[in-house]
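Only one structure is covered here, and it is reproduced in the block below.
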Amino acid sequence: MNLVLMGLPGAGKGTQAERIVEDFGIPHISTGDMFRAAMKEETDLGLEAKSYIDKGELVPDEVTIGIVRERLGKNDCDGGFLLDGFPRTVAQAEALEEILKGLGKSIDHVINIQVDKDALMERLTGRRICKNCGATYHLVFNPPAKENVCDKCGGELYQREDDNEATVSTRLEVNMKQTQPLLDFYEDKGYLVNIDGQKHINEVYADIKELLGGRDK
């Protein structure tokens, strides 16, 4: 089963990815993990990627695509895979089609976890962190017993700058604009399946599991 997982920041991709790979016995392949593994193994492409990352530059598409090609060609992908964080653009999606064609494979589903912007804002701006011990809370989903005070150590809670409304709103807008052409591409291909991510996480996974046909034997 060859899957691509999509969703905006805060949509809950990580939680659902963990469940899918555990239930269906396929590797969870994220862009970050691929880069780290290629750099650790010191492959030619891994070393090339490292040279860009060390300079704080974006890794060019041809290097990223080469690393994806190497990773999908490994034995643990014979029974399928879950791609997360790749592709990000239509050009990368077209390259992925060519990679899979060369491996005699194709995408089964592109799972897009949909959550509206207001709900994402609530999820992403509600996080609070203890200045003292680093414990994480959420004003709605996991609030401290006493406002702005850590349950564990009594330290003061704060909101990271990245989590304020203006920053989160901008990040979501940028992601939406970047993601839409990719969603259109996969919808035209007939791969795209939208999953309602505003339900409880167990209900979201039940919908995904139903799509995938229950537990893979």
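Note that the numbers count up from 1, one per residue, in the order the chain is shown.
Positions of Cβ are set from backbone N, Cα and C atoms, glycine also.
It should be emphasised that the depicted structure is a prediction, and the values quoted were computed from it without experimental measurement.
Listed in Swiss-Prot for this protein:
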type: BINDING; residues: Gly10, Ala11, Gly12, Lys13, Gly14, Thr15, Arg127, Thr136, Tyr137, Lys199; note: ATP binding site
type: REGION; residues: 30-59; note: region 'NMP'
type: BINDING; residues: Thr31, Arg36, Glu57, Leu58, Val59, Gly85, Phe86, Pro87, Arg88, Gln92, Arg160, Arg171; note: AMP binding site
type: REGION; residues: 126-163; note: region 'LID'
type: BINDING; residues: Cys130, Cys133, Cys150, Cys153; note: Zn(2+) binding site
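In three-state terms derived from DSSP, Gly10 (ATP binding site) belongs to neither a helical nor a strand segment and is classed as coil. Listed in sequence order, Cys150, Lys152, Cys153, Gly155 are the same-chain residues six or more apart from Cys133 (Zn(2+) binding site) with CB atoms under 8 A from its CB. Mapped onto DSSP classes, the region 'LID' (126-163) shows 3 helix, 13 strand, 22 coil. DSSP classifies Glu57 (AMP binding site) as coil under the three-state reduction. Distance noted between the C-alpha atoms of Val59 (AMP binding site) and Gly14 (ATP binding site) is 23 Å. On the 0 to 100 pLDDT scale, the region 'LID' (126-163) averages 95 in the predicted structure. Arg127 (ATP binding site) sits 29 Å from Glu57 (AMP binding site), taking the Cα positions as reference. Counting every protein chain shown, the number of other Cβ atoms lying within 10 Å of the Cβ of Cys130 (Zn(2+) binding site) is 21. Sitting within 8 Å of the Cβ centre of Cys130, Cys133, Cys150, Cys153, and not among those site residues for Zn(2+), are the Cβ atoms of Lys131, Asn132, Gly134, Ala135, Asp151, Lys152, Gly154, Gly155, Leu157. Residues Thr31, Arg36, Glu57, Leu58, Val59, Gly85, Phe86, Pro87, Arg88, Gln92, Arg160, Arg171 are listed as the AMP binders, and the farthest two of them sit 32 Å apart at their Cα atoms.
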